[in-house]
Amino acid sequence: MNPDNTPPASGHSENSDVGDLAAERVRIFDTTLRDGEQAPGFSMDRRAKLRMAHALEALGVDIIEAGFPSASPDDFASVSEIARVLRGPTVCGLARCHDNDIDACGRALEVARHGRIHLFLSTSPLHREHKLNMSKQQVIDTACAAIERAKKLCHEVEFSAEDAMRTEPEYLVEVFSAAIAAGATTVNVPDTVGYTTPLEMAERITYLRKHVRGADQVVFSTHCHDDLGMAVANSLAGVAAGARQVECTINGIGERAGNASMEEVVMALRVRGAFFGVDTGIDARKLYPTSRLLTQLTGQAVARNKAVVGENAFAHESGIHQHGMLKHRGTYEIMRPQDVGMGETRLVLGKHSGRHALRQRLQSLGHEVDEAAMDNIFARFKALADKKRDVHDQDLEAIALGMDPEATGPWRIVQLNTNSHLGGSASASVKLTHDSGHEVGEAAIGDGPVDAVLRAIERATGTALDVTQFQVRAVSEGGDAQGQAQLTARHAERDWRGSGVSTDIIEATAHAALAIVNRIERQQPVTPRAAVAAL
Ligand code: KIV
Ligand code: ZN
């Protein structure tokens, strides 16, 4: 166990959760890789999670909830890997109040520089009766025993009273008072079902801070779901009432309607700094690039009108607004696109642009690339600029994020031909190479060119792909925009996802299919959902 992670000898008074940050600082606890990732359509494989974790570290989040170690061996490995490589943020793992969960979490975090075990147990009457079948006292005893066990493995222990906002307030006081006495360093007040309102949240946090014994020794936290569209407002109300940790996700992804969106919480606290009187440690200029990274890794775009990071968030179309903006930007703009790292111009480079301009543009989009990666990116940029007149920010991001399976192998496309007729069948032929040195060519017919290409790839690689989802969307603007194809396929009882980008959407689909085949060959499955659902 790393010494930084060792419990101090003298208990609560050395609670670094409370002592090391000013009272005006709100800790940002990111759960994109746990609550976000467990939502249907947002699962990520281990490599994607690691990439996201690095981006969250660069963004400046205080705590990263990296996963649920006992949910599956893959979740365990992700949490452990993230704990090993991140040096700045606290890395947190989720555990039920079960010995096996707690021990698995402790093992996964053994290598962390700063680790935290996050325990949860339901406290509301509905959950006590129908889910847990436990009395009020049994819930308290179970939580305390779990906290004491976790405390032996990790100094920082967070306790979440699941469904707290539908729990009797007086009982919640007893639960949290006992949890603090048992060693909890952060107490979290989740609105698990997205039921509460801002006023109620503010009242609840105020009440708890006043009545919970030991309240001044811990950090109060919010964790709001967006079922009624109030997750961000409820989190902010919690902060106004004294909560000093907000649990949130990039793009607001999460169970059902999602969690509070980090970019909205952070920018509200910043833009309305004078009102809230608090700040976060987030580098806001990395919000947009991090949001984009998540959409690329999951294939799930945000709505155009999404606050802070949507494509329209800073676009002023109406004549009246444009007129006002030209006279004084402040008339209709409360923050600038560059404040959140969004490029001010969307049209960027062309085929005559040089390496220096490309590097600068990538930097302004939040991508620091080393020399070796730059060679590859520059070559791909030139190839793209030859095909398409204007290269947009989104095109560059697609290149920088390396969504192309070319980068990963072992299979690569050498040739691809398709033929289709209106109202008739289609045919495709592919030639592929494998890192082992062999080359294989196959042809197939199908209902359309996409179907034909997928069949040809299945034949060539010998890997059966049962496609369950297929999406194509434009990466940027205009008729010559690159298309991103996103495929999910079932293979060996697991879901596998791949994406590909090209100016030709059939080619993009072939890259996406090959990304899946490559992933299967490298045996990097996405976390089996069944394992999480069974919890
Ligand atoms: O929504 C919730 O209650 C949770 C807990 C595990 C904190 O996600
Ligand atoms: Zn949640």
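Cβ atoms are placed via backbone N, Cα and C, with glycine included.
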Can you find which of Asn100, Asn259, Asn305 TrEMBL lists as binding Mn(2+) at the same site as Asp35, His223, His225?
Asn259
I want to check the contact list for Asn259 (Mn(2+) binding site): same chain, sequence separation of six or more, C-beta distance under 8 angstroms. What comes out?
Thr31, Asp35, Gly36, His223, Cys224, His225, Asp226, Ala231, Glu247, Cys248, Thr249, Gly252, Ile253
For the region 'Regulatory domain' (412-535), what's the mean pLDDT in this predicted model?
84
Out of Asp35, His223, Asn259, which binding-site residues have CB atoms lying under 6 Å from ligand 1?
Asp35, His223
At 10 angstroms around each C-beta, which of the binding-site residues His223, His225 has the fewest other C-beta atoms nearby?
His225
When a 10 Å sphere is centred on the Cβ of Asp35 (Mn(2+) binding site), how many other Cβ atoms does it contain?
24
Write out how many residues of the region 'Regulatory domain' (412-535) are helix, how many strand and how many coil, based on DSSP.
36 helix, 53 strand, 35 coil
